[in-house]
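Notes follow once the structure below has been shown.
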């Protein structure tokens with residue numbers, strides 16, 4: 001009984017002391033403040049704690065200072081940061097380097113054929129030079145004979161002499177025949193030399209020389225090639241070379257060098273060849289008539 005009564009005042013005093021310390025202004029106390037683990041005596045005086053323990057976010061200073069919207073560089077930095085965050089988190093974001101235009105579709109049809117021709121083997125060697133010389137020889141020969149008939153150059157008969165020659169040769173319309181002959185030789189010869197409208201020019205001289213071959217052959221009986229005044233050797237060579245130019249084209253040494261028929265003539269050149277032969281046959285049948293292979297006169 002006596003021990004219990006002695007302890008009760010001491011415990012009451014200790015409790016009162018703790019309350020006093022905890023309620024003191026700015027002070028904080030704890031039984032564990034003593035490093036020895038001994039409870040302080042009632043009469044001990046402890047220094048007052050002048051600094052309070054922070055208990056809220058404002059006291060801790062965790063809230064950053066936020067500038068007003070649109071104020072200075074802070075808003076620009078925040079906007080840039082927001083943009084970067086949005087791009088990094090948006091899976092559907094489109095980047096400049098990813099916007100690659102689609103490849104063009106390969107050409108088809110006629111365009112593809114032109115590309116293949118352009119990308120093909122362009123090594124032609126001396127072919128263009130050879131075609132140029134051939135055009136000069138053939139075109140120059142026709143131009144020479146045409147100027148004889150047109151202007152009387154090189155001891156030629158002139159227009160009047162040509163018309164009389166056609167009339168004596170059995171042509172029904174000597175004036176029309178002479179005009180067609182001169183136009184074919186002069187016009188076709190000039191165009192062949194220039195390499196301009198080459199299929200038309202070569203077709204014109206081919207029709208002219210085929211009619212000349214038929215007329216000359218028909219003036220003498222039997223087949224005349226190298227003998228006598230009715231020899232058709234020169235006309236045969238000129239007709240063959242004109243047909244060659246139609247089928248091969250003028251080459252790149254010509255004004256037609258950018259045309260398809262200049263370097264790679266196709267079926268169109270064969271059509272021109274057939275049309276030239278048909279024109280020669282029709283003109284001979286209409287303006288002269290007869291079969292040149294049986295030797296229709298006159299036989300002078």
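Glycine too: its Cβ is placed from the backbone N, Cα and C atoms.
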- [ ] Looking at the candidate ranges 246-266, 267-287, report the one that TrEMBL labels transmembrane segment.
- [x] 267-287
Open item on the list: Checking feature assignment: transmembrane segment per TrEMBL, candidates 104-125, 126-147. Which range matches?
Closed with: 126-147
Open item on the list: Please identify the range among 164-189, 190-215 that TrEMBL labels transmembrane segment.
Closed with: 190-215
